[in-house]
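What follows is a single structure, written as structure tokens, with notes after it.
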């Protein structure tokens, strides 16, 4: 019973592994014995020697023999190349032709071979082979004539922009004929929208304190007008400088007897009539004040 249970478990595991293991497809003309059996590799093949695939693990280490009498590049043609492959071939073969070349002119035979799709690994220049003095490299941005022809045909097949516009207009279900009045109305509307957008933008910039000098001047020109204080300050500065200049000029003048600085009024001790009357009145008041305390006593 134990052996039967172990066999059942092993069979169940094998069934699970068989789902994941797939046998490779045999290419046409290839011997199946040269391909390792995937089930044998996983330890699940039950066919034994009847299996058409190889049960030799060393098969994977054995590679296909290289045929030294043939070159796979002989089977390649330029028609199977793309632009990158063509440039790679030209670069590899161009090294043979770039030694001591006195000119940068591209060889016409090289261009002709490329245009006719005759250029390949074993192409030899008719102009002396490797001794050709012209460049065997495609010019920068070179486009084959066949490719150019295809581009021209593609452009010619495209619908002109005028016809495309007419086709799109024809697809419209409702349309309004354009008249000068409608155009002017549309133009005014667009100008108003533009002005509103500029006003909103300037208001946003003013809100963020990021207005330029021109925007500040356009919004409020009074900000750039000097006020009266600036003018008065300037005048006061000039006036304050004037006495200094006058003092300097006076000091520079020759010293001598002069009556210019003497006041006209004479300091005399004589009093006027009004001053005498005021003095008399004040004296009489003081005498009355002196007499009153003595009378009380």
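Backbone N, Cα and C define each Cβ position, glycine as well.
Annotation comment: TrEMBL describes 31-58 (among others) as domain 'C3H1-type'.
The annotation zinc finger is assigned in TrEMBL to 31-58 (among others). Residue counts for the zinc finger (31-58) under DSSP (helix as H, G, I; strand as E, B; rest coil) come to 12 helix, 2 strand, 14 coil.
Secondary structure of the domain 'C3H1-type' (101-139) per DSSP (helix as H, G, I; strand as E, B; remaining residues coil): 11 helix, 2 strand, 26 coil. If you look up TrEMBL, you'll see 101-139 (among others) marked as domain 'C3H1-type'.
The annotation zinc finger is assigned in TrEMBL to 101-139 (among others).
What TrEMBL records for 229-297 is region 'Disordered'.
The annotation compositional bias 'Polar residues' is assigned in TrEMBL to 246-258 (among others).
Positions annotated as compositional bias 'Acidic residues' by TrEMBL: 263-278.
Annotation comment: TrEMBL describes 283-297 (among others) as compositional bias 'Polar residues'.
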